[in-house]
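Following: one structure in structure tokens, then a few remarks.
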Amino acid sequence: MSPQTETKASVGFKAGVKEYKLTYYTPEYETKDTDILAAFRVTPQPGVPPEEAGAAVAAESSTGTWTTVWTDGLTSLDRYKGRCYHIEPVPGEETQFIAYVAYPLDLFEEGSVTNMFTSIVGNVFGFKALAALRLEDLRIPPAYTKTFQGPPHGIQVERDKLNKYGRPLLGCTIKPKLGLSAKNYGRAVYECLRGGLDFTKDDENVNSQPFMRWRDRFLFCAEAIYKSQAETGEIKGHYLNATAGTCEEMIKRAVFARELGVPIVMHDYLTGGFTANTSLSHYCRDNGLLLHIHRAMHAVIDRQKNHGMHFRVLAKALRLSGGDHVHAGTVVGKLEGDRESTLGFVDLLRDDYIEKDRSRGIFFTQDWVSLPGVLPVASGGIHVWHMPALTEIFGDDSVLQFGGGTLGHPWGNAPGAVANRVALEACVQARNEGRDLAVEGNEIIREACKWSPELAAACEVWKEIRFNFPTVDTLDDQA
């Protein structure tokens, strides 16, 4: 480090560069109940001690900068600085460490996920002293949680609105995701809902393109919802994607959905941004709309094990910002998702109090102090043969969201929906009778095929489909 140069001697100020660990590495610190706690996976550059790397993360994500500044004397750094209070090695990784950082609550604006992330992950990830950096988990204290509204409605209120209990909800993403006219799109929605699904869904990149403007889509989908409700006697919904280029346009689309009387709208919360998402969530609560959240772009942030941000952090942020559903992987489908890790952040979405459990990737005990829960959505490459595993893994409080697994049925969309509904009802009944879905799942589906030709045809089509690829983002071995 450069030698310090003494200036402004009369006020005790020493200019120059000093090691971060002298100020920001404080292993003696006892965390407070009001601190936001972060667990970072740190990969220092060669020659950088882990204590210096952890302290650098704490400094650059709170009050520090690369050199001493005389305005440090105008505030109380001990009150406002982040502190690296513990460092532990990652089992099996010689160059990686978990650095635990505590942030005073006063560093963050109330009710703002945007400000929280701007502080904690906004700048430090490009720091040259680090080869890589990943935010593995956050502990959000009750004092901060209470400044957020959270999900517009939550799990129980949604079930009451829909009058659906005792089973997972069923959905389908309309395919092809792009290119259909609004009228043909509405037809597909109607066929799926009439066949037995609870929801259909806009794909994440369906906004308002030349082939299908948003207002036309909303109108034809509303017609499909009302027609299918009249024919089935069940409440139906379609996730109308309100995501737009501006917040004002997004709210305009949500207002139109409310005027049509539909039950739910949708938002792409990462590409749309947390400020937009929180605004839409507040509107949905005030106006009785459910809010479905898609996580488009998440894998850019969370897939690599040594750099970025784990999805459990994005899931916690979504629960604060607000959403009634969020896509959470499938474990068994075509998209990335380790089973234990997925179960960990599914609990973080749904439950009120979650104990620390490193075997599931949960670094901190999290108390949501009665903030409403979020329904996890299993979506991506799933079909009827996956139904027993999905029911066993996710339980009743979930949405099982098919796409090609409904619309790819050889007899059409409505028979595809029938096959999904029959498979789900068979699995729920078998589970309620005490059968083990993990062991007897295939047999349960085969038995149901005997009285559902639609399910039998679906099983024949997808009997050979597998997505057997190793998971990239796996949990660490626990020593």
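Each Cβ is built from the backbone N, Cα and C atoms, and glycine gets one as well.
Since the structure is predicted, the reported quantities are computational estimates derived from the model, not experimental observations.
Feature annotations, courtesy of Swiss-Prot:
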BINDING   ASN123, THR173, LYS177, ARG295, HIS327, SER379  substrate binding site
ACT_SITE  LYS175  active site, proton acceptor
MOD_RES   LYS201  N6-carboxylysine
BINDING   LYS201, ASP203, GLU204  Mg(2+) binding site
MOD_RES   SER208  phosphoserine
ACT_SITE  HIS294  active site, proton acceptor
MOD_RES   THR330  phosphothreonine
SITE      LYS334  site 'Transition state stabilizer'
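Mapped onto this structure are the features recorded in Swiss-Prot.
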residue	record	Cβ neighbours (10 Å)
ASN123	substrate binding site	11
LYS177	substrate binding site	13
LYS201	N6-carboxylysine	29
ASP203	Mg(2+) binding site	18
GLU204	Mg(2+) binding site	21
HIS294	active site, proton acceptor	28
ARG295	substrate binding site	24
HIS327	substrate binding site	23
THR330	phosphothreonine	26
SER379	substrate binding site	26
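Same-chain neighbours of the Mg(2+) site beyond LYS201, ASP203, GLU204, judged by a C-beta within 8 angstroms of the site's C-beta center, are, in sequence order, THR173, ILE174, LYS177, ASP202, ASN205, VAL206, TYR239, ASN241, MET266, HIS294. Closest to ASP203 (Mg(2+) binding site) in space, going by CA atoms and restricting to the recorded positions LYS175, LYS177, ARG295, HIS327, SER379, is LYS177. In this structure, the C-alpha atom of ASN123 (substrate binding site) lies 26 angstrom from that of HIS294 (active site, proton acceptor).
When the neighbouring Cβ atoms lying within 10 Å are counted for each of the recorded positions (THR173, SER208), the highest count belongs to THR173. Summarising the substrate site geometry, the residues cited as binding it (ASN123, THR173, LYS177, ARG295, HIS327, SER379) extend over a maximum Cα to Cα distance of 36 Å. When the Cα of SER208 (phosphoserine) is compared against those of the recorded positions LYS201, ARG295, THR330, the shortest separation belongs to LYS201. Here is what falls inside 10 Å of the CA of THR330 (phosphothreonine) among the recorded positions LYS175, LYS177, ARG295, SER379: SER379. In space, HIS327 is the closest of the recorded positions LYS175, LYS177, LYS201, HIS327, SER379 to HIS294 (active site, proton acceptor), judged by Cα positions. Counting every protein chain shown, the Cβ of LYS175 (active site, proton acceptor) has 16 other Cβ atoms within 10 Å. With respect to their backbone Cα atoms, SER379 (substrate binding site) and GLU204 (Mg(2+) binding site) stand 12 Å from each other. A straight line from the CA of the residue listed as 'N6-carboxylysine' to the CA of THR173 (substrate binding site) spans 5 Å. Straight-line distance linking the Cα atoms of GLU204 (Mg(2+) binding site) and LYS177 (substrate binding site), rounded to a whole number, equals 8 Å.
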